[in-house]
Structures are given as structure tokens and as C-alpha cells.
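**Student:** TrEMBL lists 72-184 with the feature domain '3-dehydroquinate synthase N-terminal'. Annotation comment: TrEMBL describes GLY110, VAL111, VAL112, GLY113, ASP114, THR134, THR135, LYS147, LYS156, THR174, LEU175, ARG176, THR177 as NAD(+) binding site. Residues annotated as domain '3-dehydroquinate synthase C-terminal' in TrEMBL: 186-335. Residues annotated as Zn(2+) binding site in TrEMBL: GLU189, HIS252, HIS274.
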Amino acid sequence: MTAAPRIVEVGGGVPYRIAIGPGLLADGAALAGHVRGRHVLLVSDSTVAPLYVATVREALHAARPDLLVGTFVLPAGESSKTLANFGAAIEAMATLGATRDACIFALGGGVVGDLAGFAAACWMRGVDCVQLPTTLLSMVDSSVGGKTAVDIAQGKNLVGAFHPPRAVFADTSTLRTLPARELRAGLAEVIKYGALGDPGLFHWLEAERERLLAGDEAALAQAIASSCEHKAAIVERDPLERGERALLNLGHTFGHAIETEQGYGSPHNANLNHGEAVAVGMVLAARLSAGLGIAEAADADRLASLLGAYGLPTTLPSGLTPAALLARMRLDKKNLAGRLRLVLWRGIGRAEVVPDVDESAVLAVLSG
Ligand code: NAD
Ligand code: GLY
């Protein structure tokens, strides 16, 4: 018999549950329990769909034979998180004949989750979405909190909506097929939670590196639960990012600039993926903080060393120019009144939002 899943509750105005454990995609009764009407659109990508769509379809069908289940599959990779594919997902809802009680199931990583969530936010002004994350990154971060979006050429996640899911099912057995590089990308976001607010988690990550990188399921489940607890606590207090939620963006202003400037990652190019770009971004934010005199250089070195030990990049990839990256950073969603507003770092477990950061200091860090 499989053990009961771990549950993390997300409170606030729109409460929901995150279930974490193996085999959840086959639990048709639990999945179908969130479908109010008859229509389900299963959104996935070209790598995940052949692995897991049949399991979810069969589970739903067994629990609710009356459901009309459509499938919409994106090409795998960040370069699919586009307005055009968002439009195609909306067309798929229309073809299905989905009414306002329909439910979109997002089966995949953060790319699928963000695009499917945005389609759910917009179809008929908003239908239910259930997140079924299959990457570590989406289990620890993107499936929780209701941020949905697509990218445009000018920047990441610039078009989107806040639309909390009805439920999240993180089936940890899907991590068995996840490539090692994608596992490391997810661990970058786990390190982020330690770096921004939890020294105990940071130390645990220093100690448990071998088990986590080896894919030890108990260690990964612990990392997912800790991360979701951190994120849940913040998003239930600040769901729309009016304040402290911005701390979850440690490293992201630099990271998003890198992703946009590289032209977004895909399984077919060597560009950094999101977790890798965030890893570099966290080191740049820490080095900037040290340069501005609010953090110790030794702490920045310790963060870089932990990320490096997890096989993550810690310096800018070649071919990117500092001025171009700074220009990308000017279009970040945290900025106000045309001024750079960044998440900076006072040391392990202590991030803070700093308005009006001096651009010349940023340029100096980008120039190495
Ligand atoms: P992703 O969705 O591109 O998945 C990474 C790769 O892993 C893809 O090629 C995918 O096909 C493959 N894959 C997924 N699950 C698999 C499995 N179980 N087995 C084998 N292969 C599998 O990327 P990601 O890292 O999951 O998510 C990154 C995206 O998430 C970015 O667009 C980022 O902006 C977004 N994000 C959003 C939030 C949020 O709060 N909404 C937070 C963090 C990141
Ligand atoms: N990943 C940042 C946030 O959800 O706010």
C-alpha cells in the first residue's frame, strides 16, 4: 500500500491543497473530484505527454466516464510559452465546447503550468485549473501561487494573470524520468528558499547534496514540502505581490534578463534554462549586494559555492553584453516609475526588496 501523500495547505482568500507523493496521477477519484462540469482540457508538452497523458486520461475516465477530455500538446521547452500557443490552447477549449465549469489540467513543467494556467484564467473570463507538475522546479515553485503567464520577445512572463489553481498534485514518481539537468534546475529554486529566508534549509541543502542529486525520493519529497511551505506562507499573505512576495524573485531580474537575451531555452539549444538562469542571477544579486556594502563577500562566495556544488552555473554565459542585459532588466515587472527595484541580499536567509538601485552598480556586476 502506498503511503498517504504529504499535504501542504495554501490559505488566504482562495485556499487549496498541494498533495505531494508517488502515484498521484493515477488517483482518478482525487483528480476528478476537482472537476465541477463535464469538460477537461489536458495541457501537456511533447516530452511529458507520451509519458503521462494516458495515465491521467485513464484515471479520469475510470472515476468519471461522463467526462469529455481533450488534449493539447505544446512542443517541449521555454520557446513554446508564447502568445501564439496560448491562443491555440484557447482554440482547443473552444473546440472541446468547454463551458464555464470546465477544468484545465496542466500536466508538465513550469512552461505548461504557466501557459495552461493563463488559458484557464482567460477562457470565458476564468475556469478552474488543476496543476499536475512533473518537474522538480514546477513542484517547488511554479505550480503554487497562481502566477500564470507567457513570454514575449521583449521579456519573460510579461503577459499573464494571477489565477490560483484549485489544487496541486505533485506526483513524485514522475521525477524518475526527469533528466539530471532539469533536476538541478529545480534544486536552484530550492536553494533560493534557503537563501532568501531559511538558514536551516540552506544548511540542510549543504549537507544533503549527494542524496538530492542522486534523486533520493525521501530527500526530494522533503525538499518539495519545505519549499511549498515557504511559498504557501508568503503567497497566502501577499497573493498579488504587493509586498513580500517579491522576495521569491531573488535572482530573477538578472535571470529573466539572461533568458530573454539568449532567446529562451529549449531541448534543441544550449541556452540556460530557467533554474540555471536563476542560479546565475542569485550569485549576481549577492555580489551586487556585497558591492553595495549590505552583504559580506564571503556569504556571496558561500552561495556561489553551494550552487556550483549542485552543478549549476554561477557566472554569466559568454556572448551576453552587460548593457543589453541592463536594458532587459529595465522591463522587469518589479520596477516602479522607471527605476530598478531589485531583490538584494544581506546574507544567508536575509533577502530584501531595494527600490531605486543604482544602475552603474548593476552594470559593474554584469561586467564582472
Ligand atoms: P519546462 O516546463 O520547460 O520543463 C523542463 C523540461 O523537462 C522540458 O523539456 C519538459 O518536457 C521536461 N520534462 C518535464 N517533466 C518531465 C518528466 N517528468 N520527465 C521527463 N522530462 C520532463 O521547465 P520548468 O523548469 O519546469 O519550468 C520553467 C518555467 O516555469 C519558466 O517558464 C518559468 O518562467 C516558470 N516559472 C513560473 C513560476 C510561477 O510562479 N508561475 C515560478 C517559477 C518558474
Ligand atoms: N516564483 C515567484 C513567485 O511565484 O512569486
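Positions of Cβ are set from backbone N, Cα and C atoms, glycine also.
Automatic, uncurated: that is what TrEMBL annotation is.
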**Student:** Taking only the binding-site residues VAL112, LYS156, LEU175, THR177, which one has a CA atom nearest to the CA atom of HIS252 (Zn(2+) binding site)?
**Tutor:** LYS156
**Student:** Among ASP114, THR135, HIS252, HIS274, which binding-site residues lie by ligand 1, judged by Cβ under 6 Å to any atom?
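**Tutor:** Those binding-site residues that pass the cut-off, since their Cβ is under 6 Å from ligand 1, are ASP114, THR135, HIS274.
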**Student:** Under a three-state reading of DSSP, tell me whether THR135 (NAD(+) binding site) is helix, strand or coil.
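**Tutor:** In the DSSP reduction, THR135 (NAD(+) binding site) maps to coil.
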**Student:** Can you name every residue in this chain, apart from GLU189, HIS252, HIS274, with its Cβ inside 8 Å of the center of the Cβ atoms of the recorded Zn(2+) site?
**Tutor:** LEU137, ASP141, ALA188, LYS192, GLY251, GLY255, GLY275, ALA277, VAL278, GLY281
**Student:** Using a 10 Å radius around its CB, how many other CB atoms surround ASP114 (NAD(+) binding site)?
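**Tutor:** A 10 Å sphere around the Cβ of ASP114 (NAD(+) binding site) contains 26 other Cβ atoms.
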**Student:** DSSP secondary structure for GLU189 (Zn(2+) binding site), reduced to helix/strand/coil, please.
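**Tutor:** Once the DSSP labels are grouped into three classes, GLU189 (Zn(2+) binding site) ends up as helix.
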**Student:** Around LYS156 (NAD(+) binding site), how many other CB atoms lie within 10 A of its CB?
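**Tutor:** Other Cβ atoms found within 10 Å: 25.
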**Student:** Ten-angstrom check, please: count other Cβ atoms within 10 Å of the Cβ of HIS274 (Zn(2+) binding site), all chains counted.
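**Tutor:** The answer is 28 other Cβ atoms.
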**Student:** Let me spell it out: for each of the binding-site residues (VAL112, LEU175), count the other Cβ atoms within 10 Å of that residue's Cβ, using every protein chain shown. Which one has the most?
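**Tutor:** Per the Cβ count within 10 Å, the most buried is VAL112.
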